[in-house]
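As given in Swiss-Prot:
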- 264: active site, N6-AMP-lysine intermediate (ACT_SITE)
- 262, 269, 284, 314, 354, 431, 437: ATP binding site (BINDING)
């Protein structure tokens, strides 16, 4: 399949703000894509070479090398490329302009670089992908020159619009405004006959978190082929998500009256896969984090009595002397890429297991929670550092509250309340009332922290002048696949955290508002939705400045957080895992009820 129609689709997507129109455009693109190429097209739309859990290396092409490649491809000087970049602010547009200016496919000479990348023929989707893959896989001595030749050759053969989006892909700034939810909608329209097919496609994706694979199966064999998709060891399952609650009696009513209540540990949620002697560990974001936890690998080898298993648990840092639970920040030292065995000794961990999703060929995701817990108990060999999560089963709000206080006292951040009725299946990738989290009271009107996405930033004044020192934060609206703003956060940062924040933001700054962001506020810099932070505030309030739940409570206003304060970064969460607009609306309504209750009693 030629790459040009894909690049032209990217150009159209960039101009479209309506999710409906985006879905229709994607539907047309998918229908015109051969089944053998559709997986690659989906990966390119996602801006990646494959699912995160595969752990493929990054392309490793910095800005300077990209400038060199553009200059080499179009016989321009690097100084000219840099001048244009400073003027335009986008290397993709620079490549498009130079390609149009210096090349046409009929007149282009075959350079050494073009020969290295394939010889001057029209670009195909597969050639673009394969070349980008080769660039990523080029490692070690001489890899910089290999990357330069491959990329310059690809750009030399690219038409202007193709060059623009190849460069943006390499930069990691594709910016076409399409999330996974929109891709699923389009696959349902293209190959399932309409929206009624989406639940089947989405469930398959939730069980086999590889959107390219799902697209290829549905394109080749139809929606019915996806009904048979089951968990597979080595392929992470998208995690089941919980709603949040505050009142024990209300929570028990929501889950059906009786529930299992477990400690909610302040650590890294982990999905642990075992097949024979091999063990893989995946984060909440489905990233392969096996390297960080060689001790957990050994625990799983010895502590799971099954040939094949997929279990879920929480990895927490513990005190090496007494095994008491340590704060989440201590665990984050495990993210170091070097000296992991030394860090392992300094920061030992414990694993608290709470679910079994697959055991020896049996898919347990369709089984109710009591059966999954029974299977988990059967296969786990407990030790002080590898054990089942602390839990009770109850229908009594008082007992739930007492257990909650005990959890807080013992270092947990709250409890998870889980339904036990016959429909208490594992709803992969779905947030619902089968699980409800009850977290600690932070002694403020806003009873819980929220996880919000950075979409913009502002420069500070005084001693913080010249540095980005406050953030524009957004929630996630899953119905529309967008990020409406909630608040501006300027407090809670230490000087060290500000320095780290500025480094983190560098690679995510973009020249204009991201297509999936809704904002009435113009920050000093726009940031692509990628970073998630935990925020605590005094209360939820109505705001004419923010777009979260706009026009929902009252015309013309949204919901905002008063006196927001930064708590910590949530590296374990993707933007789509952030607190949703539905959750914020529910929190606001509960807050109103608390305020109104005393007046009603008078």
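Residue positions begin at 1 at the first shown residue.
Glycine is treated like the rest: Cβ placed from N, Cα and C.
Since the structure is predicted, the reported quantities are computational estimates derived from the model, not experimental observations.
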Which residue, out of the recorded positions 264, 284, 431, shows the minimum number of other Cβ atoms inside 10 Å of its Cβ in this structure? 431
Express the distance between the Cα positions of residue 354 (ATP binding site) and the residue listed as 'active site, N6-AMP-lysine intermediate' as a whole number of Å. 10
Greatest Cα separation in angstrom, residues 262, 269, 284, 314, 354, 431, 437 binding ATP per the record, works out to 18
If you measure residue 314 (ATP binding site) to residue 264 (active site, N6-AMP-lysine intermediate) at Cα, how many Å is it? 9
DSSP, reduced to three states, assigns residue 284 (ATP binding site) to coil
What are the non-local neighbours of residue 262 (ATP binding site), defined as same-chain residues 6+ apart in sequence with CB under 8 A from its CB? 354, 389, 390, 391, 415, 416, 418
Which residues of the same chain, at least 6 positions away in sequence, have a Cβ lying under 8 Å from the Cβ of residue 269 (ATP binding site)? 239, 283, 284, 312, 313, 314, 315, 572
Counting every protein chain present, what is the number of Cβ atoms, excluding its own, within 10 Å of the Cβ of residue 354 (ATP binding site)? 24
Rounded to a whole angstrom, what is the C-alpha distance between residue 437 (ATP binding site) and residue 264 (active site, N6-AMP-lysine intermediate)? 8
Using DSSP with the three-state reduction, classify residue 269 (ATP binding site) as helix, strand or coil. strand
